[in-house]
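Worksheet: one structure, shown below.
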Amino acid sequence: MITVIYPGTFDPITNGHLDIIQRTARLFPNVLVAVASNPNKKPLFDLATRVELVKQAVAHLPNVTVVGFLDLLADVVKERNITAIIRGVRSASDFDYELQLAHLNRLLTNGVESLFFPPSERWSYVSSTMIREIHLHHGDVSQLVPEVVFHALQNLKK
């Protein structure tokens, strides 16, 4: 059975991420969205909250499953017999970085390939970093994130 994985920190999940998940779900029978703990970053939301926000954002997609993970992505890929790794690439600088990761992941997973998805034009400028920055300065991100994330961000202000 073909299963692809879309890993990320998703802090928070954006409409750009959701767009890639929806497009991936149309192409593959099973999509695993893997939310990384990433201890090197100071997240806005803890891992459990990010997993829950992603689950709610993709609840309308029956072939998408969401998990959190603490290990190396390569370990998750091997444990779950993943067919391919999905990565979003917004720019040439993203591609350079993602290409290095793809080579490393191919080595660590005994050949699992990475597939690069460009964003839809509508979301090409959206990133979790931008969302956090706009939120920090009390800007309106309601058009850039799923509704559940917008409400979670509003609750952080209280």
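Cβ atoms are placed via backbone N, Cα and C, with glycine included.
According to its DSSP assignment, Ser128 (ATP binding site) is helical. Look at Swiss-Prot and you will find Thr9, Phe10, His17, Gly88, Val89, Arg90, Glu98, Trp123, Ser124, Tyr125, Val126, Ser127, Ser128, Thr129 tagged as ATP binding site, backed by sequence analysis.
The Cβ of Thr9 (ATP binding site) lies under 8 Å from the Cβ of Val35, Ala36, Asn38, Lys41, Pro43, Arg50, Ser128, each of which sits 6+ residues away along the same chain. Thr9 (ATP binding site) falls outside any helix or strand according to DSSP and counts as coil. Under the heading substrate binding site, Swiss-Prot lists Thr9, Lys41, Leu73, Arg87.
Under the heading site 'Transition state stabilizer', Swiss-Prot lists His17, citing sequence analysis as support. DSSP assigns His17 (ATP binding site) to a helix in the three-state reduction.
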Check: In the structure shown, which of the binding-site residues His17, Lys41 has the fewest Cβ neighbours within 10 Å?
Finding: Lys41
Checklist line | Sequence-distant neighbours of Arg87 (substrate binding site) in its chain (C-beta under 8 A, six or more apart) | finding: Tyr6, Glu98, Leu101, Ala102, Ser114, Leu115, Phe116, Phe117
Check: If you count Cβ atoms within 10 Å of each one, which of the binding-site residues Ser124, Ser128 comes out on top?
Finding: Ser128
